[in-house]
Amino acid sequence: MSTDKTYCGFIAIVGRPNVGKSTLLNKLLGQKISITSRKAQTTRHRIVGIHTEGPYQAIYVDTPGLHMEEKRAINRLMNKAASSSIGDVELVIFVVEGTRWTPDDEMVLNKLRDGKAPVILAVNKVDNVQEKVDLLPHLQFLASQMNFLDIVPISAETGMNVDTIAGIVRKHLPEAIHHFPEDYITDRSQRFMASEIIREKLMRFLGAELPYSVTVEIERFVTNERGGYDINGLILVEREGQKKMVIGNKGAKIKTIGIEARKDMQEMFEAPVHLELWVKVKSGWADDERALRSLGYVDDL
């Protein structure tokens, strides 16, 4: 029987919307798990990404961005999910953007000050800072805000200093047995990952035209005799006008979304995928907590 020590722990990635938390998670894992888009609020579930390297297993919790606006049911639930994942972790990675500091950053910081877990401050997108002379004073300002475990300037996009973050994480993992098998990347089901891939393509190809009132339900996910998967996805929007937008002229938009989503699914599932998409109007779902529960938005709260 092996007596080699193993280390395992949970790490929360927190920050206001759109600072690059999902991109950082994907870089730390070495592959795409969390949906990334230039649009704020694209992460709606607490996706757990698992990175196992030798005796070390880091389990990452990718929170929705904590934000001030709490009017709609979906925003309240997203804030609750983010706040709850700050508790029960060994370490927190607080992601901020370049030299920007907003009331939302302040709100996240206040939540972290109340917590017990040590906090790494990841200052993302430093490669995009135009006035490099502003960077050092800003880092000094950040250092004065709380007793951070470390402050690391990074670029999640290019991977700059992401290995530094991973190294700090490894040092702070407690001695424990691994929670997941070595080849696990995420504890989310393939069905969930399929819906996230479709939602990312919607964000990518519709951009600012489409509000957050869009979600994806996987109605069918079965293996077929060809050794692949037959997947049916239902795209839910709030208004008829949004439905037309998703379908596009003569179905061109939904066809592109389907083709691109299928490519990503085949890469992720390592099998052929037959994907069919439909669009349906379900008015007011983002305001209805029961509808959100039925779509799996609160399965982990």
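From the backbone N, Cα and C atoms, a Cβ is placed for every residue, glycine too.
Keep in mind that this is a model prediction, so the values were computed, not measured.
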Next item on the list: Look up region 'G4' in Swiss-Prot and report which of 124-127, 132-135, 176-179, 264-267 it refers to.
Entry: 124-127
Next item on the list: Match it up for me: which of 15-22, 223-230 does Swiss-Prot list as region 'G1'?
Entry: 15-22
Margin query: Let me spell it out: for each of the binding-site residues (GLY15, ASN18, LYS21, VAL126), count the other Cβ atoms within 10 Å of that residue's Cβ, using every protein chain shown. Which one has the most?
Written below: LYS21
Notebook entry, point to check: Counting by DSSP, what is the helix, strand and coil composition of the region 'G1' (15-22)?
Noted result: 2 helix, 0 strand, 6 coil
Check: Per-residue pLDDT averaged over the region 'G4' (124-127) comes to what?
Finding: 92
Check: In the same chain, who gets a Cβ under 8 Å from the region 'G4' (124-127) while lying at least 6 residues past its ends?
Finding: 19-20, 24, 95-98, 135, 153-158, 160
